[in-house]
Amino acid sequence: MSPMAIEPAGDPEHGAFDRNDNADAVVRSINETHVTYKRLGKTGLRVSVPILGCMSLGDKHWVPWALEEDKALPLLKGAFDLGLNCWDTANVYSNGKSEEIIGKAIKTYQLPRHKLVLLSKCGGYVGEAPNVKGDRYENAISRSKDYVNQGGLSRSAIFEQVEASLRRLDTTYLDVLQIHRFDPNTPIEETMKALHDLVSIGKVRYLGACSMYTYQFAQMQFVAEKNGWTKFVSMQNHYSLLYREEERDMIRFCNETGVGLIPWAPLASGMLTRPATQKVPEGDRAIINRVQEVAEKRGWRMSYVALSWINKRVSAPVIDFDRIDRIEEALATKDKELTAEEEKYVEELYKAKDVEGIPSQR
């Protein structure tokens, strides 16, 4: 990726910059930055495009494709050096190991905390053994003597989970705390007041939410607004060329109310980065074929098409990477745009699907 080649500008009051002073360091920094930064919704906080997803960092006992510490640490350092300084994790990812690796990277490489934007999540159950995935048990886990009150969005659970995340990350605050899902078993007022109090005492700076039904998100926002409490500034939902159900309500609601969209699975678990196989459902395969066709005509990678499409519609997508060259590939989308005709071409075959990523309320 070629640098911007910015030269030190003259100063009307003090004249041209001395090429040996600190101004040149700023110019070098600008030229070495390959990332776009966008406002998170209507806030003043700017996040990197994309946001580095850290679900894949952790322990192979949790998921077999996890990047363990020896590979995860240099990946984080490489991402930071490229300017990808917004990292999204969760307390449940590898049962806390993802957060621990991030904390170790900050300490090992002496990364300035104020130059990072750290996002984590609460609400899920952190397993006491490496191979435990709390979401497998749905509501049943809350009846366990070992896990009662350890998840969900009660005031007690939220405070305990955030304190644990801060210890693992070895930091005093989270830039954005996200609730991982809606909790139908806790009053909304209790949840929103607890989240607001964390902002008030400085342990959290912004609040976000993840996949839920639009009416649930709207209720939570309305409760916060009614009581003068801190509202959510971001929504991390499921969105890609292969899954657009969020366009019905959630995306419209967020756009109208200034909530930033930071979707997960923007590349559909890699399906939008390579030609479709016969195992891919027919409807998805037809869309992927069109993405491939546009990419070939442009001389692009398929990921450029998928990311160009989604970058135009959100604050920043959340993407997990396993290698530095794949980060560089995503960053190469920076100056690429689809034409209106190309957008229509890759969109028009989409057909409605069943809702994904939102647990049933039972």
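Placement of Cβ uses the backbone N, Cα and C atoms for every residue, glycine included.
Copied over from Swiss-Prot:
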type: BINDING; residues: Asp88, 210-211, Gln236, 265-275, 322-330; note: NADP(+) binding site
type: ACT_SITE; residues: Tyr93; note: active site, proton donor
type: BINDING; residues: His180; note: substrate binding site
Thr273 (NADP(+) binding site): secondary structure state under DSSP, collapsed to three categories: helix
For Asp88 (NADP(+) binding site), the three-state class that DSSP assigns: strand
Helix, strand or coil at Gln236 (NADP(+) binding site) [DSSP, three-state]: strand
Chain-internal residues near Thr273 (NADP(+) binding site), provided their CB is under 8 angstroms and they sit 6+ positions away: Leu267, Arg301, Met302, Ser303, Ala306
Listed binding-site residues (Asp88, Asp322, Asp325, Glu328), ranked by Cβ neighbours within 10 Å, top entry: Asp88
Integer Cα-Cα distance in angstrom, Asp325 (NADP(+) binding site) to Tyr93 (active site, proton donor): 24
Distant-in-sequence Cβ neighbours of the residue listed as 'substrate binding site', under 8 Å, six or more positions away: Ala90, Val92, Lys121, Cys122, Gly123, Gly124, Cys210
